[in-house]
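A.B. asks: For reference, the structure I am asking about is given below.
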């Protein structure tokens with residue numbers, strides 16, 4: 001498993017990790033560009049406004065990251081030895097876990113950068129405050145984690161991504177006019193369920209693991225970063241879940257169809 005218990009900052013491994021972070025940033029930037037070229041072949045994409053096209057491309061990239069994070073981090077977590085020992089939770093370091101978190105850190109840097117570049121875009125709320133908080137916070141905590149400090153714990157938070165593919169699938173179904181079929185409705189309910197389990201339920205457990213490991217290094221300054229970011233991360237999850245419940249996600253199929261019908265009627269009147 002290449003497990004190492006690192007005591008203190010390891011400059012050589014950290015610098016190597018930064019190179020992988022940069023590769024991750026370039027990789028996800030490239031995916032965004034390629035997504036734009038490929039999407040030109042879809043009529044639904046060509047009909048969108050420029051702002052919505054930007055969101056489409058970013059969601060393709062976010063979907064790609066989510067799939068990578070789910071697969072890679074699930075494997076890294078299952079193969080991480082001594083996962084529940086306090087010192088290993090804080091100082092444990094494996095090559096594959098480091099690689100996974102470095103690539104994901106590159107994504108979070110891309111996420112924060114793309115939101116800043118498109119800040120104030122009026123045609124979509126994708127590039128908003130919660131997005132910049134999430135991207136910036138994750139960039140900081142994962143860069144700090146690679147020291148190493150709490151790599152296993154920060155890695156577990158990547159498993160929040162289990163709900164993300166369903167979110168983006170829902171968005172694409174809406175934009176392509178397929179939001180009312182059986183697949184879309186099933187996807188909506190699966191999304192709510194997975195979000196609740198992967199984020200709302202598991203988030204407090206990850207906090208518990210962190211507090212359990214806190215006794216190993218209670219006075220380490222890195223705890224200030226970790227405590228705040230873990231609380232903010234979980235707070236965002238609860239806020240997002242509140243928004244999900246408040247929306248029409250869990251409405252009945254007939255209610256959703258009626259809502260869609262009213263929107264179409266309103267658009268016709270505007271024309």
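Backbone N, Cα and C define each Cβ position, glycine as well.
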A.B. asks: So which range, 96-119, 120-143, gets flagged transmembrane segment in TrEMBL?
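C.D. replies: Here TrEMBL associates transmembrane segment with the stretch 96-119.
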A.B. asks: Examine the ranges 163-182, 223-242 and name the one recorded by TrEMBL as transmembrane segment.
C.D. replies: 223-242
